[in-house]
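Taken from TrEMBL as is:
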type     : residues                       : note
DOMAIN   : 38-488                         : domain 'Biotin carboxylation'
BINDING  : Lys154, Glu238, His273         : ATP binding site
DOMAIN   : 158-355                        : domain 'ATP-grasp'
ACT_SITE : Arg330                         : active site
DOMAIN   : 566-835                        : domain 'Pyruvate carboxyltransferase'
BINDING  : Asp575, Lys744, His774, His776 : Mn(2+) binding site
BINDING  : Arg647, Thr911                 : substrate binding site
DOMAIN   : 1112-1181                      : domain 'Lipoyl-binding'
MOD_RES  : Lys1147                        : N6-biotinyllysine
Amino acid sequence: MFIPVAQSAFKTLRHAQPRVRLYFINKNAYSSQVEYKPIRSVLVANRGEIAIRVFRACTELGIKSVAVYSEQDKMHMHRQKADESYLVGKGLPPVEAYLNIPEIIRVCKENDVDAVHPGYGFLSERSDFAQAVIDAGLRFIGPSPTVVQNMGDKVAARIAAIEAGVPIVPGTDGPITTKEEALAFCQKHGLPVIFKAAYGGGGRGMRVVRKMEEVGEMFERASSEAKAAFGNGAMFIEKFIERPRHIEVQLLGDKAGNVVHLYERDCSVQRRHQKVVEIAPAPRLPIETRDKMTEAAVRLAKHVGYENAGTVEFLCDESGNFYFIEVNARLQVEHTVTEEITGIDLVQSQIRIAEGMTLPELGYTQENIQPRGYAIQCRVTTEDPANDFQPNTGRLEVFRSGEGMGIRLDSASAYAGAIISPYYDSLLVKVISHASDLQSSASKMNRALREFRIRGVKTNIPFLLNVLENQKFLHGVLDTYFIDEHPQLFKFRTSQNRAQKLLNYLGEVLVNGPQTPLATTLKPAEVSPHVPTVPLVTEPPQGLRDIIVRQGPEAFAKEVRSRKNLMLMDTTFRDAHQSLLATRVRSHDLLKISPYVAHKFNNLYALENWGGATFDVALRFLHECPWERLEEMRKRIPNIPFQMLLRGANAVGYTSYPDNVVYKFCELAVQTGMDIFRVFDSLNYLPNLILGMEAAGKAGGVVEAAISYTGDVSDPKRTKYDLKYYTNLADELVKAGTHVLCIKDMAGLLKPQAAKILISAIREKHPDVPIHIHTHDTSGAGVASMLACAEAGADVVDVAVDSMSGMTSQPSMGAVVASLQGTPLDTQLDLRNVSEYSAYWEQTRTLYAPFECTTTMRSGNADVYLNEIPGGQYTNLQFQAFSLGLGDFFEDVKKAYREANLLLGDIIKVTPSSKVVGDLAQFMVQNNLTADQVLEKAEELSFPKSVVEFLQGSIGIPHGGFPEPLRSRVLKDMPRIEGRPGEGLEPLDFDKLKQELKESHPNISDRDVMSAALYPQVTNDFLHFREQFGPVDKLDTRIFLTGPKVGEEFEVSLERGKTLSLKAMAMAADLKPNGDREVFFEMNGQLRTVHILDKEAVKEIHVHPKANKSNKNEVGAPMPGTVIDIRVNVGDKVEKGQPLVVLSAMKMEMVVQAPQAGTVKKLEITNGMKLEGDDLIMVVE
């Protein structure tokens, strides 16, 4: 039952005259006379949540509370919660400030303090402190100094236990101080053993040793840790009991010799001997074992004359045998669960006992104390469970707690803006649940922890949730191996932390500028494009994709060929913006219009929406996942086939890959929603083409083999690429099994007359194969050419919606639709829908002003028939020319492009071969070289890498062979590749690549692995960016590119039903000492701030360098802390796993090990240096 307390009565008693009672007691050093003397003020010689816990008890009892604080804690909450607070230990290290006994006594004497409460940790188990308090005429709220000394001394405590008839574990007779003594004990008694700090607890300085060769190192680490925590490194060694439960009995004793127990707690869920979760009472503990254990605890307390609160700890084995471990002569962290099940306030009880009240007067007789229900305490710490529980420090950017019925929170520094320092324990808040049974209590705790939102530092909440959901835990089947034997506890669903990451991104943009390079000085328009509405509750009408899904690629091709009207493929989602806007259009804007396209354009042949340059640009510049783009588009457009651009054996890259990479890529693409693969090769090199076709076909995709077009089949003087060249190539592709045949006119060179000649010839030879034409409108003749193709027998032509058409993009959709209305080739598209679709893109295009091709290109230009520059490259070349300071020489660049092409042998020009020509052209203009001079000086010039690799054969063999003598002069004795470049490459080990990536990015998917296979560094950078800044693809485009204006309100939709309301408030004018600038936001009505390193301003101040996570040679600090031991020097050779440095933080020591074998090239630290997380320690190459 719960003990009723009449607070007012006790407050009245406190102000009454002192009373003297006489007791006749003849043993155990209890006083024979007990004097009641009220306490009017209490100083707590501690910090953090325990200090606040005592202050609250004092306030409820009408007692003045007094705090002490170190210099590092001047902003800490505990000093603000006290009635008075005083600085101690000025100039001392953080922990030593709270160990400064003379100063604490001075504060007491100078400020009329009656009593001192030691809390737990620090001085709480120092008998000299208890004695100093009493010698100063003050009262010590705890056991007598003698009891504190004897119980704090593990050896004396063992002797007392033996004398009281309490079972003990074999161990050393006294404290030991050298590893030689430790080794001697281990050799005599055998392993396993456990090292314990002789003068402190809480898991500090505790190590289990199972191997004889580890005894010396373990002893030194444990002793060093104990000395740092308690001021004395002496150790006690015990035989280690396997599979024990850790049970402790809570006691209260008074000055008159009365002792009661408040039942037991199960503390078996622990890590590194640190308690993580505590339960009261201990589940599944037999009544007879409980009774024996509590009786033994009371017997020991009476034997030593124990008064005030304390705990007797036992190990209990599977047979019900229990062994004394130690007495904690103080309040414990987990006292809260006992309070919850008994209804007794232990801290108030401590104070009352110190005043002289007896347990019977308090109503605390053993028969009156009964447990009710189950209570659980979880210690929420700022430790990263995914990184071996390394302490995490920093600023709490967000703090929102879990509350409600049956939940109690004991905390100190848990508020937004609080700084978690590396100087003290990592405990953030204690969460206590109470309910009628264990499962209900765990359910309440689970709910409360899920309500927490903590950002800025990592916490162990994911780990605690796993513990609470473990079936063994829920049924109380526990021992101290519980955590070690349940590796699934360490499988976390990582907190997405999307909102705070997005704030960090916005702060980064505001402080350091755009995070994607802007091509021009133009700014995105302040416009919110109108999205035409469609009935989302109804499914879009069926399209051709239904045939692909139900009947397969062959049926699809047959259906396309059977249709008499001209079909269109819309390139707006890919090639159009690649040509006009440097491929920068984001998923955010594509997905907005997708439902409209699905409902109004269901009879399109396909949407070209993926592959080609969009893949790496998405990762590299837009910081979004191309696979997610494809997946999300498919959800919104289930009815229209999707087409992608596959660069044959180059997949979506710019180089050759092992064959299994291309096959795996196509397989994943189909799984994610791709239907049609337009397979091409930049040189029309048949072996490369056929590999891509086979990969696409095996994956289940529609194979659309493409012939890249150049030259002019209508000009009899252009003999290299004549009609026969193209018809022969078409024959080979049809023979290889293509479902659809494509003419890929990437530069817009296919004139209307040439179109008639070419398409008629292919149609005549292959009457049953659908023909698809792709072109660019650079010259302005695109619509005419596409109409000519249609009349000659083409089934499909490419167009872009009107506002995204023309110039280097595709011909106008509206123009083609209007031109064929009422004819047998009528596209069956509604011009009104085209107009509404175009209006959206006309507005959206203004958001991409920084990439607008019309900045440098005002109109189409028929000189493309001379220079043959592909449409997408034409725009990029202009931007490159301007960025290189060659803007005024772009005409020269175009002329040089023509010369470069001829120098290289008049090759097919499409990515990546077009890049080779472009690089050579820019090289010629920059160095003021003519074609003749290039050929003449070829042996001495340093050519662009792409040119050299092309001549080596790295992208295939061009039609007609390599240009001589240029090739021989450039390559000299360099190696040459014969045949298909990827043929000799070893298959990529995807499992190995995934494991390597997981070392830096634990939560990667198979898609991420595929991206890394194609673009290793780009993908690695993207993954780091995503982990740091979150889903930036959810931001509106203007906000993404240039950030919000101060005072601007905007929304971010993270997912269905989850929308953030944001407002940019201000940016601090002053820098922090570490170079950070504070940026203020309002999110969902609450103030949020982020600290952003000002990369420009920081150049003027010294800041310790950070380790680059993507550089495996750089070793960073795994946690904030102080360097206490450096074990290597510059020039030393190290092996993987070799200890390099020892760090100390939050009373824990950590050995930093070499991530790889190599040589220490650079050392960035010195002994005693304080480091932040990820600070560069050294470089190991």
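Every residue gets a Cβ built from N, Cα and C, even glycine.
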Over the span of the domain 'Lipoyl-binding' (1112-1181), count residues by DSSP class, listing helix, strand and coil in order.
0 helix, 38 strand, 32 coil
Taking the Cβ of Asp575 (Mn(2+) binding site) as reference, which residues of that chain separated by at least 6 in sequence fall under 8 Å from it?
Glu608, Gly612, Leu645, His774, Asp798, Ala800, Ser809, Gln810, Gly871, Gly872
Within 8 Å of the centroid of the Cβ atoms of Asp575, Lys744, His774, His776, which other residues of that chain place their own Cβ, given that this set defines the recorded Mn(2+) site?
Thr571, Asp745, Met746, Thr775, Asp798, Gln810, Gly871
Using the Cβ center of Lys154, Glu238, His273 as the ATP site position, which other residues in that chain lie within 8 Å, going by their Cβ?
Gly171, Ile194, Phe195, Lys196, Ala197, Met206, Phe236, Ile237, Ile325, Glu326
Calculate the distance in Å between the alpha carbons (Cα) of Arg647 (substrate binding site) and Arg330 (active site), and round it to a whole number.
72
Run through the Cβ atoms and count how many others sit within 10 Å of the one on Arg647 (substrate binding site).
26
Can you tell me the CA-to-CA distance separating Arg330 (active site) and Lys154 (ATP binding site), as a whole number of Å?
15
Work through the binding-site residues one by one (Lys154, Glu238, His273, Thr911) and name whichever has its CA nearest to the CA of His776 (Mn(2+) binding site).
Thr911
Can you figure out which of Lys154, Glu238, His273, Thr911 (the binding-site residues) comes closest in space to Lys744 (Mn(2+) binding site), comparing Cα atoms?
Thr911
Between Lys154, His273, Arg330, His774, His776, which of the recorded positions has its C-beta surrounded by the fewest other C-beta atoms within 10 Å?
His273
In angstrom units, rounded to an integer, how far apart are the Cα atoms of Glu238 (ATP binding site) and Thr911 (substrate binding site)?
71
Distance from Thr911 (substrate binding site) back to His273 (ATP binding site), taken between C-alpha atoms, in Å:
60
Hey, what's the widest CA-to-CA gap across Lys154, Glu238, His273, the ATP contacts in the record, in Å?
17
Roughly how many Å separate the Cα of Thr911 (substrate binding site) from that of Lys154 (ATP binding site), to the nearest whole number?
76
